[in-house]
Amino acid sequence: MCKSLRYCFSHCLYLAMTRLEEVNREVNMHSSVRYLGYLARINLLVAICLGLYVRWEKTANSLILVIFILGLFVLGIASILYYYFSMETASLSLSNLWFGFLLGFLCFLDNSSFKNDVKEESTKYLLLTSIVLRILCSLVERMSGYVRHRPTLLTTVEFLELVGFAIASTTMLVEKSLSVILLVVALAMLIIDLRMKSFLALPNLVIFAVLLFFSSLETPKNPVAFACFFICLITDPFLDIYFSGLSVTERWKPFLYRGRICRRLSVVFTGMIELTFFILSAFKLRDTHLWYFVIPGFSIFGIFWMICHIIFLLTLWGFHTKLNDCHKVCFTHRVDNNSLDRIMASKGMRHFCLISEQLVFFSLLATAILGAVSWQPTNGIFLSMFLIVLPLESMAHGLFHELGSCLGGTSVGYAIVIPTNFCSPDGQPTLLPPEHVQELNLRSTGMLNAIQRFFAYHMIETYGCDYSTSGLSFDTLHSKLKAFLELRTVDGPRHDTYVLYYSGHTHGTGEWALAGGDILRLDTLLEWWREKNGSFCSRLIIILDSENSTPWVKEVRKINDQYIAVQGAEMTKTIDIEEADPPQLGDFTKDWVEYNCNTTNNICWTEKGRTVKAIYGVSKRWSDYTLHLPTGSDVAKHWMLYFPRITYPLVHLANWLCGLNLFWICKTCFRCLKRLKMSWFLPAVLDTGQGFKLVKS
């Protein structure tokens, strides 16, 4: 007995000590990383102080001494605010502002007369050490998981250091100072571009780095200090391209959730920047040396640039109009926790973004061509504006590209509920006895409420929910289904997915039992679908809560020319009534909707003893399905809806770009592998890409 108690006590003590060591190891690791950041900051402060001291010693400029002493005084105040008054935000803001100012001041002071001085060489090595420590600290923080990525465009540290650097540039002449201030704005745009993971962010980073050390930008006076400022600011957003796990809408949240007026003003502000760049490009016409090349080139590509950027601004304006509509719906359905992703998908934002991505690409191409034609290597203001415009348009292209890739397609749904539980000898539904009417009405109402909840949660446009106790005739159902299957979005194209729900009596072979002895076969429904779908690539998903859905599930697997899925239910025939209630129509709908609308559900479709099991089948080409891509006619309709006639000639260029199909060999191989997977290893849970899943037990 004593041995057992001693063993239990020693075992518990060992576990406690092991856990304590793990906690201490984590704390020590976190502290080490934090101290590494402090070391990088202190090293940078020493480098700045030594650099300013060398310049004061060699030039005897009293302004340097005044700023040096003032800088130390401000940093002392920041330390007092931090340690004695616990004003961390004010202290860090003040210190970051002065770090940016002092580093900028160090950049723009001439050191040509004492480049080989020992103290100046020490300053350079200290700055290089600061770069290495800063990169190492950021990398270790992210690899250890100590960084919490939050949606932001610019952090407070980045903004204040950029402002401080811009203020330091005012010590130069007005023209040179303006050039540097614009360069700082361009650097801020590049940081945002990297943090948003734009498709063209890395090429923009390369272009910025190549152009950064032009003499007209006043960087060569102290390129090491300039490189230190640039790399320290770029490190975090550059590493976050890999380490950040934020989704598209999370990254763009500061912009997408901005107020309506602010987003509209951003379009106006973008237009002013673009116009300024065009005016600065026109200064190239003063160059009479190559007038025979410059004048024709600027005239042709300038007109092309103007047309493309009119389209660009109208595209941004149209995007914000659709986004405002999405915010209205989001505000209305706030209690239902509808995410902006689903709302944008339901409003056809994916189709809009796919077309807009191509149009913005033309704007980027036009800017690159105009910049090359009107290149002015000695004009720092032109170069800075060029570096502002590129990431600005790159961000717009990246936003449309990512939203077009991640958003689900549009969908529309139609539900039919025929509450009949008893059948005549010939298999036709009959009216229920009065004592069962109330129970059946409650169950049918529950099915209607569940499917309406499903449509609302997944932002599926509702065509209708028909409830009929006497059944539907074949002609009535024919007219309703044809009207449902030919529905289109507001922008013109067909919906990506059509969801048809049916709960009612079926025959043993799966046909729907209709009023008057009529039936609806799957072949008949497919014929109507082919007639309405035509050459489009929409999907039809049929959800059956009936006693005989298995025949349709098996039959749909033989279809080869359409994208169709059938989600059905299997009800256990033999069951011990003492252990569980017999399955009824509506039980599957309740569980399936709860599974797809509640992320914290505990429904397990494969558990033993389930009275209602799930089964689904898909057509042979189901895995080939991709969301509807804009066709030539879609682009033409989009053009007529949003843009003036003067821009119509570009529609042919847009259609040509839509028709490009690069990497077709890789896509073909990947398609074959997915077909094999769906035919041989049908997954237990199949994501439809619309937010809900098909399941099988």
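Placement of Cβ uses the backbone N, Cα and C atoms for every residue, glycine included.
If you check Swiss-Prot, you get these features:
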TRANSMEM  36-56  transmembrane segment
TRANSMEM  63-83  transmembrane segment
TRANSMEM  89-109  transmembrane segment
CARBOHYD  ASN111  N-linked glycosylation site
TRANSMEM  151-171  transmembrane segment
TRANSMEM  172-192  transmembrane segment
TRANSMEM  199-219  transmembrane segment
TRANSMEM  223-243  transmembrane segment
TRANSMEM  265-285  transmembrane segment
TRANSMEM  293-313  transmembrane segment
CARBOHYD  ASN337  N-linked glycosylation site
TRANSMEM  352-372  transmembrane segment
TRANSMEM  380-400  transmembrane segment
CARBOHYD  ASN533  N-linked glycosylation site
CARBOHYD  ASN598  N-linked glycosylation site
TRANSMEM  646-666  transmembrane segment
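Feature map: annotations from Swiss-Prot on the structure.
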residue	record	DSSP class
ASN111	N-linked glycosylation site	coil
ASN533	N-linked glycosylation site	helix
ASN598	N-linked glycosylation site	coil
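The number of other CB atoms found within 10 A of the CB of ASN111 (N-linked glycosylation site), across every protein chain shown, is 20.
Contact between the transmembrane segment (380-400) and the transmembrane segment (265-285) is supported by 3 or more Cβ pairs under 8 Å, counting only residues 6 or more apart in sequence. The glycosylation sites examined here are ASN533, ASN598; by Cβ neighbour count within 10 Å, the least packed of them is ASN598. Long-range contacts of the transmembrane segment (172-192) within the same chain: residues 108, 153-154, 158-159, 162, 165-166, 201, 204-205, 208, 216-218, 230, 233-234, 237, 380-381, 383-385, 387-388, 391-392, 395, each at least 6 residues beyond the stretch ends and with a Cβ under 8 Å from a Cβ of the stretch. Ranked by number of Cβ pairs under 8 Å to the transmembrane segment (223-243), the listed stretches 36-56, 265-285, 293-313, 352-372 are led by 36-56.
Spacing of ASN533 (N-linked glycosylation site) relative to ASN111 (N-linked glycosylation site) is 73 Å (Cα to Cα, whole number). Across the structure, ASN111 (N-linked glycosylation site) and ASN598 (N-linked glycosylation site) are spaced 66 Å apart at their Cα atoms.
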